[in-house]
Amino acid sequence: KPQLVASNDRFCRFLEEYCPVVTETYYPTIWCWEGRVQTLLRPFITSRPQVRYRNELIKTADGGQISLDWFDNNDSSYYPDASTRPTILLLPGLTGTSKESYILHMIHQSETLGYRCVVFNNRGIAGEELLTPRTYCAANTEDLETVIHHVHSLHPSAPFMAAGVSMGGMLLLNYLGKTGRDTPLMAAAIFSAGWNVFESIESLEKPLNWLLFNYYLTTCLQSSISRHRQMLEKLFDMDLVMKARTIREFDKQFTSVMFGYRSIDDYYEDASPCRKLKSVGIPVLCLNSVDDVFSPGHAIPVETAKQNANVALVLTSCGGHIGFLEGIWPRKCTYMDRVFKQFVQAVFEHGNKIFSM
């Protein structure tokens, strides 16, 4: 069974009643139970539900633009009135977009419940042009604040929550730690977040993990900015950036410089959500596997979570990073998908029972 960590008895009872999947035994797929195998195979095994998006480009205060992909769910029979249709903001991982299979699965789950979704694509990553020499990072929440304000202003009467995956979860946690209760979001769900960036990077730099994940992700980061080389060369030595062979080297030469940090350590400290967890002011459910090489089990802030009544951690012993595969042939639905579906439904339909905490 997963370990449920929550200091608030009311929140615990709420989850046990309306999100019972967090108390059920999780049986990982028997032939790929190891965390790294789950992480590697999930993108290839799980299906890719068909989703038709409506794209919207919004402007930022510094002259940039952000690409949002909307799934309006106008055929919703449960919520035919678009003005009050529950809305979920989805935040993909480090180099992810609205096309990731885990995002498509979240939208598929939301569609069956009648909800609307909008995917926040980080700057310059979803095919749109960079209008300024700036991309994104896990610590800077300005673009996320812009998106949340924009979505809420379009549908001020609609119940509104967010879900973040991996770096998207880190960004969402950092935003919540900054804003406390001063947010239009009712609640949030976080999946496979890296809680302590120093520990995550150290884990990813171990030889096997570097070979399987670190080098590949570094090349993905380089690929995501190479299309914008002409714009970014105004501020960066792009030849040096493109020589990076680890995420740490990329962040040292590019990310930390872009956002004005004195050192890579200053950036990693600011980007680590464990430092801001005590300030989260709305109900948050966080799912992690303790065998996730991107977020080592020993770095999950269990004691800090116990000090905030708004926070619940669900920790599985297996599942890897955004894996959580279950069943003999885990193509259609993962344990993570079930946690997402039950929690968003619980919040939108029974949330008044935890908001008086």
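Heads up, residue numbers simply count up from 1 along the chain you see.
In case you wondered, yes, glycine gets a Cβ from its N, Cα and C as well.
As written in TrEMBL, here are the features:
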{"type": "ACT_SITE", "residues": "SER166", "note": "active site, charge relay system"}
{"type": "ACT_SITE", "residues": "ASP292", "note": "active site, charge relay system"}
{"type": "ACT_SITE", "residues": "HIS321", "note": "active site, charge relay system"}
{"type": "DOMAIN", "residues": "86-327", "note": "domain 'AB hydrolase-1'"}
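Under a cutoff of 8 A between CB atoms, and with a sequence separation of 6+ in the same chain, the neighbours of ASP292 (active site, charge relay system) are GLY35, THR39, SER192, GLY319, GLY320, HIS321. Annotation for SER166 (active site, charge relay system): spatial neighbours PRO92, GLY93, LEU94, GLY96, PHE191, SER192, ALA193, GLY194, PHE294, HIS321, ILE322, criterion Cβ-Cβ under 8 Å with sequence separation of six or more. Here the domain 'AB hydrolase-1' (86-327) returns a mean pLDDT of 97 for the predicted model. For HIS321 (active site, charge relay system), the count of additional Cβ atoms within 10 Å of its Cβ stands at 25 [all protein chains shown].
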